[in-house]
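Per TrEMBL, the features are as follows:
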| type | residues | note |
| --- | --- | --- |
| DOMAIN | 512-638 | domain 'STAS' |
| TRANSMEM | 62-82 | transmembrane segment |
| TRANSMEM | 94-113 | transmembrane segment |
| TRANSMEM | 150-171 | transmembrane segment |
| TRANSMEM | 183-202 | transmembrane segment |
| TRANSMEM | 236-258 | transmembrane segment |
| TRANSMEM | 270-290 | transmembrane segment |
| TRANSMEM | 324-346 | transmembrane segment |
| TRANSMEM | 358-376 | transmembrane segment |
| TRANSMEM | 396-416 | transmembrane segment |
| TRANSMEM | 423-439 | transmembrane segment |
| TRANSMEM | 459-486 | transmembrane segment |
Amino acid sequence: MSDSLRTLSTPVVDFEDTDEEGPYTEETPLTTASRANNKGDWITFKNRLKYYVPVFSWLPSYSFQTFWGDFVASLTVTTILLPSGLSYSVLAKLPAVHGLYSIVIPGIVYAFLGTSRQLVIGPEALVSMLVGSSIVQQQKYLEQSDPETAILIAGLITFFVGILTLIIGIFRLGFIDSVLSRALLRGFISAVAIVIIIEQFLTMTLLTEQSIRDGVGHASSTVEKFVYIVTHFGDVHQLTTIVSFSSFAFLLMGGFLKAKYAKRYPWTQFVPEILICAIIFTILCAIFKWNEDGVAILGHIQGGGFPSFQIPAPPSKMHVLDCFQTAVLISVVGFVESIVVTKTYGTKYNYSVSANRELVALGTANLVCAFFQGFPAYGGMARSSINDRAGAKTQFSGLITCIFVLICLFFLLPLFYFLPKSVLAAIISFAALILLHELPEDLHFMYKIRAWNDFALLFLTFFITIFVSIEYGTLIAVALSLVLVVKHTTYPRISILGRIGNTNKFKPIKDFPDSAEHVEGVLVVKISEPLYFANTGQLKDRLRRLEAFGDMSVHPSEEARLSPIENVIFDIETMEDLDASAAQILLEIVEAYHNRDVTVYFVKIRDNQKLLFVRSGLWDKVGEEHFFGQISDALEYINMKTLGIGIE
């Protein structure tokens, strides 16, 4: 290219007029757009990263002031988690150290992936009891009761819990916390609390081994164990009983005083009565040598340090399906409590939380925990509340808590050598008693609104769990919840509308019996929800009963109360959608009415519905002239047709 052409093709730039030093190159619109797109892609990537890995949203702006609040909160929470973790290990039929593993591993993972800044995850009494019950059942099948087998069983259950929770979150099924009926859940949780307390009473009185020798083992019902305790109370170990019930009374008194003086002295909420109880009775046991007088102590704790990696491979004769069923209930129950806590603090501090991301975080935490000898861990209301009141501001408080527990695992486990096992049983009983504190309030509310069905469901689940077993209680709770969901899902929401006086307003006759009146010879039916394969099965029967009685509450054996009809008007304004099965059912309904010489009309049809009506043949079957914008227009057409006016 010649110099003259090169000169013409090169822009003339005055460097003194530019802010940047060095040669200037002109940017084409394509280059500018490319850089803008790259910048936009980078911003989108960062936003997605912050959304799916929340640690990147709070860590860059973390400050020392925030750290101090998180540090104090984590120190406070650790004083609660240490004795609780040891106790819940015993409840889960595992060596004591594994409860601490179940605090550390899930806590570290959740600190990176969790959306709640105040949630503290770890073992829970209910979850630990379910794990322990499953372990005992599996050990009976395997005819092995060694700790290694129990650890593998717990690891497999935790693996299933992690996988289930993670899959539910990935497929955005966060609404699953609504599957379990509150009444069923309350009955089950209350029953499990009673089961836990009675189970621990055997340990608190040192009757466990004797009861097994007498044929009252883990397979026996809670009622049988209670009767055994009452009838063999004379055989209890006196010192163990005194120690256990003294520690239980200490915890009850501590909880009572904290509740009484919470408003006057807010700092009392941070007093770790559980840790104080454990320390006091450990010191007393070491001084007075209670272990030499027959009091069982924790002794040397196997393990310690950072948990080792272990694949939870099931033994050959293991009933894997039973473990999976236990994992299903643990996943639902654990997530329900966790999401309640998450939403509570999200609302309190005005930050967004996502049920689906919580499921992913909790699922990942439990999945990783399964490979490090832990058992399922979820969020707890009590410890999260203490974490919040102690000043926790970010998820870093949970990470600091895990560091404190790790320090205990490395250096402090020998200090628990003289901790009486009966004191751990008292701590578990105290935690179980807390599970019952909402029962009276729920029962009173159900009575106040006369919710007798909920009463029946609550007590049915409660008594089956108490009198039979936790496994059957679990089965009943889940099965009945699913049946109720299916029942309500398959029950089409339709109602008969009546005219309000001489106006063109129409209201459900059931809700306005004094003002809404039937239109003579016309049945006006409002379909109040989308129709699909699940809720159209009973549509024909419901229409038939409404046509005869005007109300679904009337028993079908009675005589018809309404006069025969000549016209049916379907108001489908709130029927947002329908599928192929629903369209086919509607087509059959229209044909049945036509065979009886009953004319069918549709009003307020949507555009998306019209397309399916046309494709299915409903549009032609009904007739284009029988679709109207308002009920009053359809009635006017019917009147004119009856009188023979203006109808071609």
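Here the Cβ of each residue, glycine as well, is placed from N, Cα and C on the backbone.
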Among 94-113, 358-376, 396-416, 459-486, which stretch has the most Cβ pairs under 8 Å to the transmembrane segment (62-82)? 396-416
Hey, which bits of the same chain come close to the transmembrane segment (423-439), Cβ under 8 Å, at least six residues off its ends? 83-84, 86-88, 90-91, 96, 125-126, 186, 189-190, 192-194, 196-197, 200-201, 203-204, 243-245, 247-248, 251-252, 255, 274, 277-278, 281-282, 298, 382
Does the transmembrane segment (270-290) make contact with the transmembrane segment (236-258) through 3 or more Cβ pairs under 8 Å, each pair 6 or more apart in sequence? yes
Does the transmembrane segment (459-486) come near the transmembrane segment (94-113), with 3+ Cβ pairs under 8 Å (pairs 6 or more apart)? no
Residue distribution over DSSP helix, strand and coil in the domain 'STAS' (512-638): 53 helix, 23 strand, 51 coil
Which listed range (183-202, 324-346, 358-376) shows the maximal number of Cβ pairs under 8 Å with respect to the transmembrane segment (94-113)? 358-376
The transmembrane segment (358-376) and the transmembrane segment (183-202) contact flag, 3+ Cβ pairs under 8 angstroms: no
Report the mean pLDDT of the predicted model across the domain 'STAS' (512-638), rounded to a whole number. 84
